[in-house]
Amino acid sequence: MPKRTDIRKILVIGSGPIVIGQAAEFDYSGTQACLALKEEGYQVVLINSNPATIMTDKTVADTVYIEPITLDFVTQILRKELPDAILPTLGGQTGLNMALELANCGILAELNIELLGTKLSAIDQAEDRELFKNLMNQLNEPIPESAIAHSLDDAQEFVKQNGFPVIIRPAFTLGGTGGGIAENAGQLKTIVKNGIALSPVGQVLVEQSIAGYKEIEFEVMRDRNDNALVVCNMENFDPVGIHTGDSIVFAPVQTLSDREVQMLRDASLKIIRALKIEGGCNVQLALDPNSERYFIIEVNPRVSRSSALASKATGYPIAKMAAKIAVGLTLDEIYNPITGTTYAQFEPMLDYVVAKIPRWPFDKFNKGDRQLGTQMKATGEVMAIGRNIEESLLKAVRSLEIGTAHLELDGLTSVSDNDLVQRIIHPQDDRLFYLAEALRRGYLIQELAELTKIDLFFLDKISHIVELEEQLRSEKGDVELLEIVKKNGFSDEKIAKTWQITPIQVRQMRQESGIQPVYKMVDTCAAEFESQTPYYYTTYEQENESLVSAKPSILVIGSGPIRIGQGVEFDYATVHCVQAIQKAGYEAIIMNSNPETVSTDFSISDKLYFEPLTLEDVLNVVELEKPEGVIVQFGGQTAINLAAPLEENGVKILGTSVANLDRAEDRDLFDQLIQELNIPQPVGKTATNAPDALTIATEIGYPVLIRPSFVLGGRAMEIVHTPEDLTHYMQEAVKVSDEHPVLIDRYLMGKECEVDAICDGQEVLIPGIMEHIERAGVHSGDSMAVYPPQNLTEDQKAAIIDYTTKLCLALDCHGLLNIQFIIQNDEVYVIEVNPRASRTVPFLSKVTQIPMAQLATQLILGSTLAELKSPTGLLPAGPLIHVKAPVFSFSKLTRVDSLLGPEMKSTGEVMGTDVTMQKALYKAFEASGMHLPSHGNVLMTVTNQDKAQALALAERFREVGYQIIATPGTTQQFKAAGIPVQQVDKINATSGDLLDKIKAGHIQLVINTTGLNEAPQVAKDSIVIRQTAIEHGIPLLTSLDTTDAILTVLESQSLLTKPL
């Protein structure tokens, strides 16, 4: 059936900020869908609150709204735009829940707007646990015994009949939020209460646990003529019980018989047909390893994280197809864009193995709860392609960028047998490495299968890797063995370490023996048809399928997996860089390892290499392609760290030179530069050991800011107030800095500002200055930023422009440079210079309308600002005010302290834009989920040094209609100043516990600040207060500057009531 002509304008709902469970995969699917709809001639309107995405670029949709995805704002846009239809299935859980809200409030019926792709009834049937259960019973598809619970009593009733363990799944939530496995009454109470609180409909499913079954996923598509197909099937390495987003996954399935695959395939197609979904859908199934018994776990009636993985694993662009099906096209009318000759109704076939490994944030949150279960904790993921499981698994391990190139971790060899077994039974993020260690110690795969319920087949593959390690040790220098281990994914680094030579010597040995990697194409059809796509992976075989073109090329290094500190912003910059390279007439080649992103969409670049971002893998691509040069500015710290080793191996780095990158990153060289330019900076020195550090800190004077050099996202950064704290930090953090010294600076309390500049070596363009709302001491990635700045004097701006220009020219910068400043007592200090694209580039590009990454790329390729007729100096600001606000994922990460400081903790960002500061702030808070009622109770527990400032804020809260609740110390001070306060006892007191007040919903906002030199009990209590607020979804502020900003919003909305 041809596409529909009765609709013209379509609204696409984006997925909002990146949080755990909903990351860059929705930027990828949303971008694909918008472009596909435009390709078919429809007018596309997009709403998304996340400025760091490609999909919010003006070129992706016809009209782009960066506004909060809330009922009020979306309704306002619907009334203004009057679209014919809405496509909600590409914006993750956010998009689906929004579609339901819009339907339920009646606006869609009123404006006669149709829902495309998946009907409301299907969304309801898949997401509402009770309707889903009824549908499965009608279809005669088995699901685990379960009951819907709206209260703890309901859940206890089910357990009485069915016993423990049970799995609890809240309805309409994302990434398993609020769910878990309960093995006893205590756990049941905690998880059920939490789950009901976090479910938007106050409903959880309690089901008999099938933990230990094999977890299988089918990614299926269907069109309106009822054609349906399986795009990809995937098998979780970890059994049921660990969220699929936290599982290692292989595609295609590895351990099932043909009969089992067929059985699960039939069930998946039966379900998508019964739900009448038009587009993509993900079905999760559990298979009993000892029989052919299976259960349906759940169905996602939308494009998901798994569909991004399936798209990249097969080359079949699911989101693009889903968008075309949504407007009436059928699978037998749409061409498969990879082959260009076959239609989309052919099921992809794979002649390789894909491995996905999640990337967790525990390198930043070393106190976080690392236990894996039904609630997702990973921030991102990597994917690798190989000809066998060993190869794809080891390639994926080295893509993670966690400091290891093999199945080994520091300190594993010294773990006791007892601890080893415990870590294998109770899975954490690093279980894979413990399994390998157990096999090295002689444990049998049968024993490990018994303990973990992981299939023997997978354990045997790890065992094979361990056997090859053993052989490597005993047969040093054996060329035949070298070829075997390379075919099994071993890195040159691992071989070098075992043979006690350097990786470059291993490389030379390989080259002399003709053991060279070849590149194979991802073509959706196992080489059955001719393919058009330039999408490749390496392996050690005979025939190379990647043909080098005669056109000069540029290689761009991507930013790898999404993690805290290095998010989708860097992918945004990478994609823009590629677009500029293509416009300049070069062939653009991307190398990256992240399946969720736009940059790894094969249609973006001229060639895509899906490979780990390590020196060995990049050199392999460089040797084949012989590009004009490599660009490292846009891939975050991942790419910058490769610059020097690449240059040492004769690779040309484009843009700012490696020597100048080093001058910005190396502390001593940077200090020299700052002194030469006569630019003020906080007093600071470097130390390589604890005694040095103590001496320096005493000289400079406490408090000091201490951090390792060469880091991103403030990794292991702290403000230290006492020598004891410093000693403790040196024991913890110097381990972090491997051979790099730590930097110790005088900590300045002041206003923080930030600049992204673009330079061609002669002239400098400063698109804008951003002012942070939070004072120095909160990481810039966790601060709210305002553009244009609201509180800078002309003199301060002039100093910022002067220092920026001097630094750009002194570093002979070609491309982008990010500088952070502190202003204290009217003096402007430089605190940090990053010679690369920073995480503020997308935000600043959107608000200034300067395509910064593209412009920077043109300069990297040799153009000048003058030739491009670009303005220079500080650009004049427009009439609107823009606020960028961070978004956190603390509700997914138990035991991670939500107190903001110099270590970055946010996972995503939103933006609010309006004509006044108050309105822009209001939008930013709304978009980030921080919605405050106009009145209520605010709990204030603040540290002594904050009490004076808190007093003024408390008075303002009273004025707008809030009642103040405080602990005894704060109450005393407030009462003395004449502010009415309700006192609550501290946590350890016996009566009227303040935690009960939070749990019972009596408190609408918690403000909690702690000093670093608090008494241990006070600090502990503060953590419990913050954790309780997060668990119960109560807005929490840990900075008085943010509190001041929220008050500004509340004041602007409250009407004056004053007696005559």
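Each Cβ is built from the backbone N, Cα and C atoms, and glycine gets one as well.
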One of E699, E718, E763, E832 listed by Swiss-Prot as binding ATP 2 at the site of R707, R746, L748, E752, G777, V778, H779, S780, Q820: E832
Number of helical, extended and coil residues in the region 'Allosteric domain' (930-1060), per DSSP: 61 helix, 22 strand, 48 coil
Listed binding-site residues (E215, E298, E832), ranked by Cβ neighbours within 10 Å, top entry: E215
Rounded Cα separation (Å) that holds between N834 (Mn(2+) 4 binding site) and Q820 (ATP 2 binding site): 9
Integer Cα-Cα distance in angstrom, E832 (Mg(2+) 3 binding site) to Q820 (ATP 2 binding site): 5
Whole-number mean of pLDDT values that fall within the region 'Allosteric domain' (930-1060): 87
Top Cα neighbour of E215 (ATP 1 binding site) in the set of binding-site residues E298, R707, L748, G777, H779: E298
Among Q208, I242, Q284, E298, which are recorded as binding-site residues, the nearest neighbour of G777 (ATP 2 binding site) by Cα: I242
Neighbour count (Cβ, 10 Å) for R129 (ATP 1 binding site): 23
Binding-site residues clustered about H779 (ATP 2 binding site) [Cα within 10 Å; pool: R129, I242, Q284, E298]: none
Q208 (ATP 1 binding site) to E298 (Mn(2+) 1 binding site) - Cα separation in whole Å: 14
Three-class DSSP secondary structure - E215 (ATP 1 binding site): strand
Entries of E298, R707, L748, Q820 which, being binding-site residues, have CA atoms within 10 angstroms of R129 (ATP 1 binding site): E298
